[in-house]
Amino acid sequence: MSTRIRSYSKINLGLAIGPTRPDGFHGLTTLYQTLDLHDLVTVSAKRSTATRISLTTNHPFVPRDGRNTAWRMVEQCLARLGVTAVVEIHIEKRLPVQGGMGAGSANAAAALVALERELGEALAGVERLKLAAEIGSDVPLFLLGGAVLGLGRGEQVIPMPDLPKTWCVVAVPSVGVSTPATFKDWDQRRAAEAAVFSGASTSGAHDAEPPKTVDASEEGELGEGHGVTRAVELTSKPQIDKLHELSLAYSSLSTPTGVSLTGKSGDSRSGTSGIVRDPNPEKKRDLPGENQADAMNDLAENTLLALVRTGIGSDGLQNDFEEVVFPQYPSLRITKRQLMGNDLDSSAIYAALSGSGSALFGLYRSERDAKAAQQRVQSSVASSDEGIAVQVFLTETLPRSEYWGRMFAE
Ligand SMILES: C[C@@](CO)(OP(=O)(O)O)[C@H](O)COP(=O)(O)OP(=O)(O)OC[C@H]1O[C@@H](n2ccc(N)nc2=O)[C@H](O)[C@@H]1O
Ligand SMILES: Nc1ncnc2c1ncn2[C@@H]1O[C@H](COP(=O)(O)OP(=O)(O)O)[C@@H](O)[C@H]1O
């Protein structure tokens, strides 16, 4: 017997990078959203006198040994449970590797769920979240699913009220963007800006200049040709505050029941993991209107539009990584514009880079708009001579109840 799990992917609806921490990681504030696009992870486990793990996969670049996230998860889970077993893992890759869609992290979470099912034994809730955080910053989110606020280094996860299912197009250019390397590029950029700033501020009271400004239309996505300028900042604190605000706005916009972020009454804040559980995640909302599906669609659109207006999309960077990734790979910025579209009626509600890339996504009001965007990206790639191939996926966001409801595959 074996257990087969749909290992769903994620996008980052917004992402703000903070300063480097003493442990070398960066503070992050991010809003994760799980997607229907998935790999398949199959695990079989038989108790035995000694542990033996083996891993197979259809993808040439996925490690088949102790470097694989799913392998590490199984090994650590067995050790924590005090169980020895012969475990076989198979990963059917459908998602891009190094795409910024958290596929490797999701595989680890899927392997844990499958192993527990196979053994008929599970780690305690807090223990599994702690273990997930040890495997990678992106792993704990997959133990919640749906819309999830990520804090700390991204591993402290808070379930947010779900956005209703929303059409999504994911474009994955054939460039693997390394997460640690991109964080380093970010640091170098910050350091260079800080040097310019301190040079200006130590050059004497009379000839001191105001903080340098960067033309956003050259540097990043914010201007999009509007010539917006922004003062160079020494840290990303303003963006972080903005995402904090955003998450609170998000919470108040889309949930009548609400999720307490305060840790006060009603919260089941578990131990030191920083995890706060939604006290009533599946509670149905009272929706206006007679047709629930239409009402859900209205809610999806309104919530997303409100989010964009509230903060991440207006004059701030939606994803800080865009600032370092787009200058390195200019075609990604073009792909983002194509995802966004020009026609007001059918353009994306929102488009951005996911994580450290290279995946970009757009969110749409209807399947028709999403298919049109998919077509736009595909045809422009076909006519481009840059040689960067782009895979384009049509999918939907996956709310928490569906994430868990459809996880076990036949
Ligand atoms: C940046 C994000 C945003 O969702 O996504 P991806 O683009 O990889 O999907 C994640 O935080 C990635 O999470 P994950 O891929 O699990 O990263 P980890 O294994 O924990 O860390 C890999 C390396 O990235 C850097 N790192 C990661 C997270 C963080 N908050 N600060 C960091 O500086 C560190 O150099 C670390 O050694
Ligand atoms: N199960 C796995 N699936 C994919 N990649 C894995 C896995 N385990 C380890 N890796 C390594 O992790 C790196 C990042 O993988 P991935 O999760 O696909 O990227 P991202 O976090 O950008 O979405 C890859 O380069 C790969 O070598």
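The backbone N, Cα and C atoms fix where each Cβ goes, glycine too.
As annotated by TrEMBL, active site applies to Lys10 (among others). When secondary structure is read from DSSP and collapsed to three states, Lys10 (active site) falls in the strand class.
Secondary structure at Asp138 (active site), taken from DSSP and collapsed to helix, strand or coil, is coil. Of all the Cβ atoms in the protein chains shown, 31 others lie within 10 Å of the Cβ of Asp138 (active site). The active site feature in TrEMBL is assigned to Asp138 (among others).
If you look up TrEMBL, you'll see 255-273 marked as compositional bias 'Polar residues'.
Positions annotated as compositional bias 'Basic and acidic residues' by TrEMBL: 279-288.
Per TrEMBL, domain 'GHMP kinase N-terminal' is recorded for 68-146.
Residues or ranges marked as domain 'GHMP kinase C-terminal' in TrEMBL: 317-379. Averaged over the domain 'GHMP kinase C-terminal' (317-379), the predicted model reaches a pLDDT of 92.
Summarising the annotation, TrEMBL assigns region 'Disordered' to 195-225 (among others).
Feature annotation from TrEMBL assigns region 'Disordered' to 255-290 (among others).
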Point to revise | Helix, strand and coil totals (DSSP H, G, I; E, B; other) for the domain 'GHMP kinase C-terminal' (317-379) | key: 31 helix, 10 strand, 22 coil
Point to revise | Summary of DSSP states over the domain 'GHMP kinase N-terminal' (68-146), given as helix, strand and coil counts | key: 45 helix, 8 strand, 26 coil
Check your understanding: When a 10 Å sphere is centred on the Cβ of Lys10 (active site), how many other Cβ atoms does it contain?
Key -> 28
Practice item. Using C-alpha atoms only, work out the spacing between Lys10 (active site) and Asp138 (active site) and round it to an integer in Å. Key: 9
